[in-house]
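Since the structure comes first, as structure tokens, the remarks are kept for the end.
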Amino acid sequence: MPDQFNSNEGLTIWAVRSAACKSCDGHRSCGQERAGSRSYLCCGCGPGTGPSPTLSLLQDPGPGSGCSTHLAEHPTLAAPALEAQLFVEKFEGALGKGKGKKFYAYKVMMMKKWLKFQRDFENFKTACIPWEFKIKEIESHFGSSVASYFIFLRWMYGVNMILFGLSFGLVMIPEALMGKPYGTLPRKTVPRAEEANAMNFATLWDFSGFAQYSVLFYGYYDNKRTIGWLKFRMPLSYFLVGVGTIGYSFMVVIRTMAKNAHDDGGGDDTSFNFSWKMFTSWDYLIGNPETADNKFASITTSFKEAIVEEQESRKEENIHLTRFLRVLANFFAFCTLAGSGYLIYFVVRRSQQFALEGMDNLGWWERNEVNMVMSLLGMFCPTLFDVISSLENYHPRIALRWQLGRIFALFLGNLYTFIIALMDDINLKLEEEKIVRYNMTIWEASLYNGTVPENATAPPIQVDPADVPRGPCWETMVGQEFVRLTVSDTVTTYITILIGDFLRAVFVRFFNYCWCWDLEYGFPSYSEFDISGNVLGLIFNQGMIWMGSFYAPCLPAINIFRLHTSMYLQCWAVMCCNVPQERVFKASRSNNFYMAMLLFILFLSTLPVVYTVVSIPPSFDCGPFSGKTRMYEVIGETLEHDFPSWFAKVFGYASNPGLILPFILLMVLGIYYLNATSKSYKEANLELKKKKQKEK
């Protein structure tokens with residue numbers, strides 16, 4: 001048999017010959033070879049019986065050999081014998097009978113190399129997925145619910161990479177390379193009164209000084225229509241990048257939700273669940289002891305998840321008592337949320353009164369009352385919600401969703417309280433800007449000996465940009481607040497991990513031998529990974545990025561650094577300092593609950609940005625939109641100067657509310673129709689699966 005011959009194919013021919021041999025009545029030994037033939041023959045069938053069927057297939061025995069009579073007497077041999085004949089004709093070159101032997105050998109060799117290349121490329125793509133092996137290791141020890149958080153974090157990292165590419169490539173780099181350098185304009189120069197402390201660490205940590213007057217913030221950018229030798233349109237690019245950031249975020253979140261819903265299918269896969277796990281879980285290609293340990297832990301965790309799912313599906317409960325306890329728990333949660341909302345509203349009103357009266361005579365608590373109250377509520381309310389959820393007796397996955405929803409409402413109140421405070425600051429800055437503009441008129445008049453310069457032939461007066469009075473620039477102030485909040489949240493998260501997880505685990509590990517009770521199973525014990533708190537912290541941090549990136553283009557870069565370091569630090573903390581949850585449960589395959597909250601936060605984060613762009617006038621002396629009544633006027637200016645007049649008319653007709661409103665109504669009706677169709681298909685899919693199970 002040739003080398004190119006596959007072992008399975010050889011076994012097929014051998015099985016056919018054996019079947020033919022066993023069907024014969026003769027008792028001669030097999031293996032005789034006919035002279036001058038390359039085919040291996042079966043024994044003869046005795047005198048007068050004719051040659052075997054295998055001989056008739058592999059070598060033509062000639063007419064009158066009795067082969068057809070023999071096949072007619074043994075119909076069970078007809079199908080495999082015909083299959084063997086077709087196989088011989090197909091691989092004639094491999095058997096050395098035709099002229100295509102070398103070509104066939106080359107084709108087989110190239111096919112094997114191509115299959116090997118495909119396998120290696122798939123392994124390469126898997127190895128290129130960031131943190132894939134870390135997440136698999138966490139999933140093997142802590143279950144899919146904890147791993148779903150790290151998968152979500154990795155997805156957020158990819159989204160922020162795209163946002164960083166937009167802001168860095170189309171806003172920050174063009175301004176740094178083609179814009180006017182530092183010190184040429186007042187908006188690009190540190191004021192004279194701040195130069196002494198502009199490079200201090202405390203000043204830079206507060207994102208003031210040289211950090212404030214750089215490409216990191218809105219106020220640094222020039223308002224010229226074009227900059228550099230490329231005639232780059234900076235105001236238009238800045239506006240379109242802001243719009244594109246929001247548009248891309250909506251698109252990618254909705255697309256991911258649709259993909260997850262499609263992957264979910266609409267049915268269940270719990271048929272013979274334990275049998276599949278018992279007989280098909282192990283991977284016999286594992287050759288690494290560490291990988292084998294991870295696989296063993298993964299199988300053990302999957303069995304725990306399946307047992308919890310089965311227990312919850314068969315649990316019998318008193319429905320009336322359960323409903324009463326759940327209503328009572330929701331009442332307590334509502335009272336907690338209402339009380340926290342009123343407390344935040346109360347301290348915000350107090351802080352506004354303190355700001356009007358002056359902050360000089362106030363103590364430390366009065367200065368930081370809003371931040372401290374928010375931090376304390378964020379620290380104690382989730383623990384209270386966890387105690388309340390024990391009354392409801394939900395499945396762990398459903399209990400996690402209720403916990404996420406309640407903490408979501410709490411964080412949302414904190415976020416919008418922060419936005420309301422920023423809106424008040426913006427209004428104060430706008431009032432201050434009016435005073436500054438009046439003072440600048442007086443200052444310009446004083447340069448010409450008390451008269452306002454009206455003579456165009458008068459020589460211009462050279463003034464250092466650091467000495468020019470300037471407005472408050474409320475856009476930079478908003479960007480600074482979001483950057484500070486992001487950095488402080490990152491530092492708080494890292495300190496919480498080091499103190500709440502690492503030092504706690506060290507104390508339990510080394511003091512357990514000399515303590516009065518068992519620290520590992522009693523108080524304080526090892527901490528569990530807080531899925532709800534970490535997920536919501538990640539979602540609300542992303543909401544701050546979406547709100548603040550329009551005023552601070554550096555925010556996506558800061559968030560990428562935060563997510564990158566959080567992945568390594570939290571992976572280390574989970575594997576070294578945390579223990580699995582007492583009730584391990586399987587995460588939902590669709591994972592759309594996280595995405596639904598993220599989409600809601602994206603919508604709420606878009607509202608303040610759209611309001612400031614449409615309703616609030618930009619600062620008069622800083623930013624790419626200075627000198628305009630509203631920021632969106634850059635679109636009309638571009639259409640007027642860079643496009644034909646007919647295009648501006650078409651755009652005006654297309655932006656008419658009389659055309660937009662019917663289009664929105666048509667989109668809503670289309671979404672409703674597609675949603676109804678999707679539900680009907682899902683129900684039909686479930687019915688078909690039920691019928692299929694009944695047929696089994």
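Including glycine, each Cβ sits where the backbone N, Cα and C put it.
All annotation found in TrEMBL is predicted automatically rather than curated by experts.
Listed features, source TrEMBL:
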type	residues	note
DOMAIN	473-588	domain 'TMC'
TRANSMEM	155-177	transmembrane segment
TRANSMEM	198-221	transmembrane segment
TRANSMEM	236-254	transmembrane segment
TRANSMEM	324-348	transmembrane segment
TRANSMEM	372-391	transmembrane segment
TRANSMEM	403-423	transmembrane segment
TRANSMEM	543-561	transmembrane segment
TRANSMEM	593-614	transmembrane segment
TRANSMEM	650-674	transmembrane segment
Surrounding residues of the transmembrane segment (324-348) on its own chain - C-beta under 8 Å, 6+ positions past either end: 369-370, 373-374, 377, 381, 384-385, 388-389, 391-393, 406, 409-410, 413-414, 417, 420-421
Non-local residues, at least 6 beyond the ends, that sit with Cβ under 8 Å of the transmembrane segment (236-254): 159, 162-163, 166-167, 170-171, 174, 221, 546, 549-550, 553, 595, 598-599, 602, 606, 609, 613, 624-625, 631-632, 634-635, 638
DSSP-derived helix, strand and coil totals, residue by residue, for the domain 'TMC' (473-588): 82 helix, 4 strand, 30 coil
Residue numbers, six or more beyond the limits of the transmembrane segment (155-177), whose CB comes under 8 Å of its CB atoms: 130, 215, 220-222, 227-228, 232, 234, 237-238, 240-241, 244-245, 248-249, 252, 256, 538, 542, 545, 549, 553-554, 556-557, 559-560, 563-564, 567
